[in-house]
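Quick look at what TrEMBL lists:
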DOMAIN    20-451  domain 'Major facilitator superfamily (MFS) profile'
TRANSMEM  21-45  transmembrane segment
TRANSMEM  61-81  transmembrane segment
TRANSMEM  88-106  transmembrane segment
TRANSMEM  112-139  transmembrane segment
TRANSMEM  146-165  transmembrane segment
TRANSMEM  177-196  transmembrane segment
REGION    205-234  region 'Disordered'
COMPBIAS  224-234  compositional bias 'Polar residues'
TRANSMEM  266-287  transmembrane segment
TRANSMEM  299-319  transmembrane segment
TRANSMEM  331-351  transmembrane segment
TRANSMEM  357-379  transmembrane segment
TRANSMEM  391-410  transmembrane segment
TRANSMEM  422-445  transmembrane segment
COMPBIAS  462-481  compositional bias 'Polar residues'
REGION    462-490  region 'Disordered'
Amino acid sequence: MSQGEAAGCGTAKPQDQGWAWMVLLAAVVLQGLTLGFPSCIGVFFKDLQHEFQASNSQTSWFPSIMVAVLHGGGPLCSILVKRFGCRFVVMLGGLLSGLGMVSSSFCKSISQLYLTAGLITGLGSCFSFQAGVTVLGYYFVRWQTLANAVASTGVSLGFTLWPLLSQYLLDEMGWRNTFLIFGGILLNCCVCGAIMRPIQLASGSLPQSAKPKEEPGSRAEEAQLSNGASSYHPTFQQHTRKTKCFQMLQNYLAFDIFCQNKGYQIYTIGVTWMMMGFALPHVYLVPYAIHSGVEERKAALLISVIGFINIFIRPLTGLVSGHRVFTGRRIYLFSLAVLLCGLSNFICVISAEFSVLILYCVILSIAMSGVGALTFQVLMDVVDMDRFSSALGLFTILESITLLLGPPLTGLLVDITSDYHYIFYNSSFFLISAALFMGLSFYALEKKTKLRETSKSCLDNPSRYQYSETSTEPKAESQSPPAVEYITSI
């Protein structure tokens with residue numbers, strides 16, 4: 001057992017009491033510091049343009065790189081979690097985030113900002129966020145759904161507070177000093193990581209996740225490696241390196257789970273497609289309102305309304321979805337929330353009056369609460385916890401691609417047509433199609449599994465379904481191999 005497995009969350013025995021609630025509080029703060037942080041970048045947009053004499057396109061790369069790295073650094077985070085454990089990775093992420101923002105305050109060009117605030121801070125936020133999500137799966141079992149929902153309220157808190165704090169500090173001391181202060185604030189991720197202490201193992205027990213899994217063909221490869229003559233052959237060494245590289249990708253990017261677990265495959269594809277339209281209202285709602293004649297202060301208030309309502313609705317969503325009635329069926333709640341997000345966009349098409357946009361924000365925030373509270377819980381439902389960090393890595397790197405592409409492509413469409421309505425049409429298309437794909441696919445998968453179980457029962461007990469005239473002498477029953485089941489709940 002490696003050092004990371006012995007000391008990290010991967011070997012922890014889950015519990016739903018005591019220190020677990022302190023870990024949950026740390027996870028709330030973590031998500032506010034990491035996922036909520038990019039929401040404040042728009043406040044500095046004009047100041048950065050003026051400082052570096054940069055165009056809109058050049059300046060927009062800075063937040064784009066940060067968000068893409070935050071979501072796409074999952075595989076590297078998975079490797080570190082496997083090796084060193086969740087606690088170390090969260091603290092490392094806090095250190096990188098703080099270092100990136102402190103360095104940003106001394107940048108002399110916009111390209112330097114890409115490296116410091118974009119890459120370093122984004123990567124640090126990724127480490128802290130994803131390791132913090134992973135650790136909840138080991139500290140909570142019975143209240144796992146509620147824990148994930150409560151932790152996700154940190155995003156809403158950050159989404160509400162970061163812009164307000166940014167505007168105040170920017171007015172008082174400029175963007176450089178503000179970035180310097182932000183570096184100190186993000187170092188609090190290290191404090192959150194220190195709270196996520198490892199749980200002691202029961203004496204004499206070895207967790208399943210710590211047991212080495214033997215890959216097909218590994219014995220044959222070991223036999224070849226033991227043969228000294230062949231191991232020195234260059235062709236053999238090259239083949240061995242390729243095999244090890246493939247096994248590493250399989251372990252840390254969860255390609256094997258993606259190919260074998262239909263539930264994970266459907267969910268990953270559905271969420272990746274969904275992200276093409278999910279972020280569009282957040283990016284373009286305020287410009288759309290201002291373009292339609294709404295005052296700037298009122299337009300900015302729309303985003304605060306979404307974040308404020310999310311603070312209260314997300315825990316309620318987690319409490320309801322955690323009921324045993326929804327065990328194994330949370331994917332349908334998630335699909336329903338995505339569908340409601342897509343349908344709510346048509347409200348903006350009908351009218352752009354402030355009162356109508358407030359109604360839109362209320363409905364959208366309720367639907368978003370379901371999406372935010374269930375995204376990682378459904379992922380925990382469809383994959384085993386001993387492979388969750390790997391599954392999360394592939395999951396986030398795929399969604400980061402569509403998160404990066406969605407807003408620019410839609411912005412290009414608006415530039416061509418000069419019609420903001422296409423933003424909401426586009427968002428609705430991706431969200432509604434993703435919701436229908438996931439809901440119908442999981443329903444078909446469930447039906448297929450039940451049919452397979454019924455067929456297995458018929459083969460195991462033929463006397464119950466057909467009349468037999470053979471001898472009544474007892475015969476030794478041959479136990480058929482178990483049917484393959486795709487786990488949809490833990």
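Note that Cβ sites are derived from N, Cα and C of the backbone, with glycine treated the same way.
Below 8 angstroms of C-beta separation, residues 59, 62-63, 66-67, 70, 90, 93, 97, 121, 125-126, 128-129, 132-133, 135-136, 139-140, 147, 150-159, 161-163, 165-167, 170, 175, 178, 182, 185-186, 188-189, 191-193, 195-196, 282, 303, 307 of the same chain, each at least six residues beyond the ends of the transmembrane segment (21-45), sit close to that stretch. Just going by CB pairs under 8 A, the stretch in 61-81, 177-196, 391-410 that sits most against the transmembrane segment (88-106) is 177-196. With a cut-off of 8 Å between Cβ atoms, the residues of this chain six or more beyond the transmembrane segment (112-139) that come close are 9-10, 12-16, 19-20, 23-24, 26-27, 30-31, 33-35, 37, 48, 52, 61-74, 76-78, 80-81, 86-87, 89-90, 92-101, 103-104, 147-148, 151, 179, 186, 189, 192-193, 196, 199, 376, 380, 385, 388-389, 392-393, 396. Within the chain carrying the transmembrane segment (146-165), a Cβ under 8 angstroms from the stretch's Cβ atoms is held by residues 20, 24, 27-37, 39-40, 42-43, 132-133, 136, 139-140, 300, 303-304, 306-308, 310-311, 314-315, 317-319, 321-322, 372-377, 380, all 6 or more beyond its ends. Of the Cβ pairs linking the transmembrane segment (61-81) with the transmembrane segment (391-410) and spaced 6 or more residues apart, 3 or more are under 8 Å, so the two regions touch.
Per-residue confidence over the domain 'Major facilitator superfamily (MFS) profile' (20-451) averages 81 (mean pLDDT, predicted model). If you look at the transmembrane segment (391-410) against the transmembrane segment (299-319), you find fewer than three C-beta pairs under 8 angstroms, all six or more positions apart, and that falls short of contact. Nonlocal intrachain contacts for the transmembrane segment (331-351), taken as residues 6+ away from its ends with a CB within less than 8 angstroms of a stretch CB, comprise 263, 267, 270, 274, 277-278, 281, 285, 288, 321, 357, 359-360, 363-364, 366-371, 374-375, 378, 381-382, 421, 424-425, 427-432, 434-436, 438-439, 442-443, 488.
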